[in-house]
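Feature annotation from TrEMBL assigns transmembrane segment to 20-39, 60-80, 92-110, 151-169, 181-197, 217-237, 243-262.
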Amino acid sequence: MLLDMDLGVLLPSLIPSSQSVYVLVFYFVYLAVAGEILPGKVIRGVLLSDGSQLRYRCNGLLALTLLVAILGICAKLGIVSPLVVADRGLELLSATFIFCVLVTLVLYITGRSSSDKSSSLKPHVSGNLVHDWWFGIQLNPQFMSIDLKFFFVRAGMMGWLLINLSILAKSVQDSSLSQSMILYQIFCALYILDYFVHEEYMTSTWDIIAERLGFMLVFGDLLWIPFTFSIQGWWLLHNKVELTVPAIVANCLVFVIGYLVFRGANKQKHIFKKNPKTPIWGKPPVVVGGKLLASGYWGIARHCNYLGDLMLALSFSLPCGISSPVPYFYPTYLLILLIWRERRDEVRCAEKYKEIWAEYLRLVPWRILPYVY
Ligand code: NDP
């Protein structure tokens, strides 16, 4: 649809109106308040190099449910239009982009002027402005005691669902609701809800433990996740697809198998980190050097969780058929990202675990997809 627009229409719709700024402000304020006051399991983060551990309150599911309920009631009462996001998608995108630039400039300035020595806030300055702004200076910067990294990723994942719901409302209003749209909506909603059910697992992921908070991460969380992961939904608003029953069944299978592999692998690692003696698939785990799990999904490939995630991404695009490459943007991007990330993670693990990692490589030779890669 973006490609069909001429520049004269596209450019004005990119300029944020005051309404789109209000939407963003409301959203961030809600998330900040809800994150602080709603009850939730408090999880300790991984042990940082100075021995400290951050605490994360995992109340995302409650915050999301409450937000959807509030917005639903407001829509019913006519206070908010459920189409506000679908109608103002481009404006919201540019408002979010401007926010990302501003907030990361502030992070750059405060990071550079920090003299904190803790692992979370110690400044890592290369001296190259673009590099430091892009990759960030501090590991876990905070604002009013809110952990910004955890906050932004939560905002991005919830934003994706809110965009999808608005697209759904638009397709109902246009009378264009299709089987494809229903499949896409169900798969994404299940994936996002599952993310928040298991929000505590997020606290040990690469982004949280290894990446500093710079433009790359803030942009990735706030803009990339919600606006590009929903491309299939936007596309389905403007394109009709006829799905056969076997195609629907195959699509559901890709989703279910992808989910089992993705969630199963992440769960096995999480449980293993908590208690390395917990049985994996009913048997005592195979452990390398007392630290690395080499059975279950982690004995099939060194990043089976990425394989599951890639299958899920594919399942979100298959409802769009194969007439256009546009809806396949997300799985294509994820394939590139996860291959790159897997390489970086291997380097990190090789440095951290040394000969234990070499032994693990001997036991589990496949990176993501057994017998292929
Ligand atoms: P992982 O959850 O795979 O974490 C990698 C870390 O796990 C390693 O650095 C190491 O950390 C530990 N580890 C690796 N192998 C083993 C092993 N055999 N036994 C025990 N510990 C091990 O990576 P990510 O954080 O990148 O990804 C988490 C999830 O998020 C994945 O499912 C991924 O698909 C998803 N994701 C989704 C994205 C999206 O855009 N949809 C983007 C990025 C990720 P340690 O030092 O703690 O041992």
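Glycine is no exception: its Cβ is also placed from the backbone N, Cα and C atoms.
Where the annotation comes from TrEMBL, it is an automatic prediction and has not been curated.
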When counting Cβ pairs under 8 Å to the transmembrane segment (243-262), the leader among 20-39, 181-197, 217-237: 181-197
Best-contacting stretch, by C-beta pairs under 8 Å, relative to the transmembrane segment (92-110) and drawn from 20-39, 60-80, 151-169, 181-197, 217-237: 217-237
The transmembrane segment (217-237) and the transmembrane segment (151-169) contact flag, 3+ Cβ pairs under 8 angstroms: yes
